[in-house]
Amino acid sequence: MDISFQIQDAVASVIRAPLASPFRIATGQHDELENVFLKLTTRDGVSGYGEAAVASHITGETVPGTLANLQNAAAALRGQTVDDAESACRQFAAAFAGNHAGLAALEMALLDLSSRVRGIPFYRLFAPVAALEPRLAFSTDITVVIGSLDEARATAREFASRGFKAFKIKIGRDEQLDLARVLAVHEIAPDSQIILDANMGFSAGSMLAFLDRLAAKGVRPVLLEQPVPKMDWDGLSEITAALTGSETLVCADESVGSLADARRAIDSNAVSAINVKFMKSGILEGAEIARLAASRGIRLMLGAMMESALAVTASAHFAAGLACFDYLDMDTTFFLKGELAHSPYLDEHGRFDLHDAGPGIGVEPRFS
């Protein structure tokens with residue numbers, strides 16, 4: 001049950017943070033974190049925080065546009081009494097059409113504030129899908145970004161030594177180099193799960209041929225993420241059909257940014273898994289996608305854009321509350337420098353533990 005609160009102040013601001021190294025994928029790269037943050041404060045001095053991670057090369061959204069939308073929402077919220085945070089989120093949905101990262105930040109801040117006012121952890125806002133209890137401990141994979149063979153080896157060595165058991169390898173620019181990189185990671189961490197993320201970099205035929213080459217070397221990924229362009233539903237279906245009964249799931253990422261997309265993917269048997277991200281759908285619609293997929297026997301990954309500890313920790317709460325995700329890809333803080341890289345519930349081994357979580361998300365970024 002919600003407790004009413006009055007928002008006295010609301011501010012949106014762009015915050016930047018350096019990366020330890022460029023984050024490269026098939027469709028582009030990040031050289032720094034440049035995200036839009038929202039802070040809502042009640043008349044009693046309680047604050048809630050939200051973050052929009054804008055991935056222009058994937059979604060077409062922009063930082064200036066997202067900032068403007070959140071500034072408009074902040075102006076509308078000042079002085080308002082919120083009786084039900086979820087209803088308040090839905091009232092703003094139309095204003096953020098085409099800007100789901102901005103919507104995610106607004107929802108995050110309102111829900112964070114609501115859970116802080118109520119004195120409950122953020123994960124308590126999300127009822128388990130099938131489990132009886134929240135899942136409060138789990139591990140993320142680590143991403144091996146597009147790069148050289150030596151860089152792939154270095155990442156694999158470092159994170160295998162920390163105890164990571166799943167490596168998500170970005171591919172899609174150079175097939176021969178990609179093959180060598182995947183084999184190198186497998187050689188260094190032979191007992192770890194291999195996830196491939198093509199970020200739309202292949203055709204159906206070239207993807208299946210690539211998988212055959214890996215299989216000939218004894219490497220079979222547990223999951224293949226977005227192998228073809230997002231509107232190539234026939235290509236997704238072809239790959240999924242070819243891999244039915246194999247060890248490899250086919251996961252939609254860019255192809256599924258809404259509940260309607262998820263229905264299409266499921267009804268057409270185009271994929272066997274879906275990657276849910278706050279920045280694609282917003283938080284509330286993301287929960288609807290997860291519930292739909294779980295009800296239809298579709299496996300689930302929870303992912304992130306280039307997000308700081310705020311959004312990553314919010315996603316961890318989301319995963320804990322819904323307790324329906326098979327794969328967790330929430331590793332972006334390991335690529336950041338500075339205080340925005342620190343989540344109180346994530347250790348250096350990639351393990352999240354929310355058993356002792358306090359009210360809200362538990363991360364408070366500094367606003368200038």
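Every residue gets a Cβ built from N, Cα and C, even glycine.
Keep in mind the model is a prediction, meaning the values are calculated, not measured.
Just one of K39, K230, K277 is listed by Swiss-Prot for the same substrate site as T143, K168, I169, K170, D329, M330, D331, and that one is K277. Together with E225, D253, Swiss-Prot lists one candidate of D197, D212, D267 for binding Mg(2+), that being D197.
Between the alpha carbons (Cα) of D197 (Mg(2+) binding site) and D331 (substrate binding site) lies a span of roughly 14 Å. By a simple count of nearby Cβ atoms, those within 10 Å, the most crowded of the binding-site residues D253, D331 is D253.
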